[in-house]
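S.K.: This is the structure I want to talk about, given as C-alpha cells.
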Amino acid sequence: MTILPISAFSDNYIWAFIDKIAGVLDCVDPGEAAPIIRFAQSNQLTLRTILLTHHHYDHIGGVDSLIKQWPSCKVYGPIDERINNVTHPIKQGQSVQVGSLHFHILFNPGHTSTHISYYEPQKGWLFCGDTLFSAGCGRVFDGTIEELHESLLLFKKLPRNTKVFCAHEYTLQNLKFAHTVEPCNSSVINYMQQILKQPSPCTLPSNIDLELSINPFLRTDKEQVKQYALSHGANSSDSLDVFKVLRNQKNSFK
C-alpha cells in the first residue's frame, strides 16, 4: 500500500491510500472531489473508503460527488449533524478497518467540538486533520482552547516515530512563528533552511519526534517558550496559560 498527498484548493492535502493490487483507493478529508476522481480514473482505481476528521467544508466538500461516483464507498466520520452522508459514525475508543489497516479513533476536540483523528499503531501513522500541523496547530473554531491543549498533550504521548499526516501545507509559515518564539532553537532554524532548499513544496508527513523539537505548541514546558508567553501577557508559566498566549499570538502573526 502506498500513501500519497493529493493537493486540493490552495494548501489542502487529501491523503490517499493506494492498493494497486486490489485496485482500490481510500482517502482522508476529500474537500474536493475532482482531484480524487481524476486520480482514481487515471490509475484505474475504485474509491473504497472515506475517512473524515471534522465538518469544515474544505475537508468534506467532495463527499457528495464522490459517493455519487462510487455508491458503495464507506464514509466514516465523527457523530456530527453538520456532516452529511456518513455511513459509519464513529467515536473515541472505536476502531476502523480499512483493508489491512486498523485505525484507532482518537477524540481531539478544540479546532472543532467533534474533531477526531485516525491512528494506526502498527504502521505508526496519525491522520490528525486540523488539530496538529507541522510546527503549529489548528485555530479554535467551535471547540475550546482547553480542549485543543488537551488534544495536543495526547499527541505528545504517542511514540516518537509516529508519522504525522496533517491536512494543510502550513509548515514554513509556522516555522517563522516558531522562530519568533524560540529564536535560539537550532532545530527550528535548521529545519527551516532544509525545507527552503528542498525541490518539493510538500513537507509532510512530519513525525512526533521532529514536532517535539520545533513545534512551540508542543513545547509549552520549555523555558524560552514560557518566557515568550510571559512577555506577551500570560498569567503564569502553566502549560495552558502558555498555550493560550501562543495561540492568540499566532492568530495575528504575519
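Cβ atoms here come from the backbone N, Cα and C positions, even for glycine.
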S.K.: Taking His88, His102, His168 as the options, which does Swiss-Prot list with Asp58, His59, Asp130 at the Zn(2+) 2 site?
M.R.: His168
S.K.: Can you find which of His104, His111 Swiss-Prot lists as binding Zn(2+) 1 at the same site as His54, His56, Asp130?
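M.R.: Checking His104, His111 against Swiss-Prot: the Zn(2+) 1 site match is His111.
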S.K.: Check the DSSP secondary structure of His168 (Zn(2+) 2 binding site), expressed as helix, strand or coil.
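M.R.: Strand, per DSSP.
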S.K.: For His168 (Zn(2+) 2 binding site), find which of the binding-site residues His54, His56, His111, Asp130 come within 10 Å, Cα to Cα.
M.R.: Asp130
S.K.: If one measures from the C-alpha of His111 (Zn(2+) 1 binding site) to the C-alpha of His59 (Zn(2+) 2 binding site), what distance in angstrom results, rounded to a whole number?
M.R.: 13
S.K.: State the Cα to Cα distance, in Å, between Asp58 (Zn(2+) 2 binding site) and Asp130 (Zn(2+) 1 binding site), rounded to an integer.
M.R.: 11
